[in-house]
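> Dropping a structure here in structure tokens format, bear with me for questions.
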Amino acid sequence: MGKRKSRAKPAPTKRMDKLDTIFSCPFCNHGSSVECIIDMKHLIGKAACRICEESFSTTITALTEAIDIYSEWIDECERVNTAEDDVVQEEEEEVEEEEEEEEEEDDEDDHVSVKRKYNF
């Protein structure tokens, strides 16, 4: 008589670590000062700094976690900063182009005056 086939033990389930709900502020860089609040009743997520009182709110879904709200805030800050940098860079380029045009006009004026000297 043979042995019965033994069953393998089920693999142990891994515990999921809880995600952070308190983060550092992107404005004042104070560690653990931003707290994320999720209002499922109104589907609004809010991240607010207790130190500098900056805040950000966004619409949420049933799957949204605190880290998602904070990540959206950081992404929005980066998007605004790059947009401002682009505007400043465009303004600087326009000023440089205007200066170059003025220099070219000055150079043309110099050439005209030299020609007038020889025309007499």
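The backbone N, Cα and C atoms fix where each Cβ goes, and this holds for glycine too.
Just lifted these from Swiss-Prot, have a look:
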BINDING   Cys25, Cys28, Cys49, Cys52  Zn(2+) binding site
COMPBIAS  84-110  compositional bias 'Acidic residues'
REGION    84-120  region 'Disordered'
> Is Cys28 (Zn(2+) binding site) helix, strand or coil when read with DSSP?
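In three-state terms, Cys28 (Zn(2+) binding site) counts as coil.
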> Apart from Cys25, Cys28, Cys49, Cys52, which residues in this chain have a Cβ no more than 8 Å from the mean position of the Cβ atoms of those residues at the Zn(2+) site?
Pro26, Phe27, Asn29, His30, Ser33, Val34, Arg50, Ile51, Glu53, Glu54
> By a simple count of other Cβ atoms within 10 Å, which of Cys28, Cys49, the binding-site residues in the record, is least packed?
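Candidates: the binding-site residues Cys28, Cys49. Fewest Cβ atoms within 10 Å: Cys28.
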> Within 10 Å of its Cβ, which one of these binding-site residues (Cys25, Cys52) has the largest number of other Cβ atoms?
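The residue with the most neighbouring Cβ atoms within 10 Å is Cys25.
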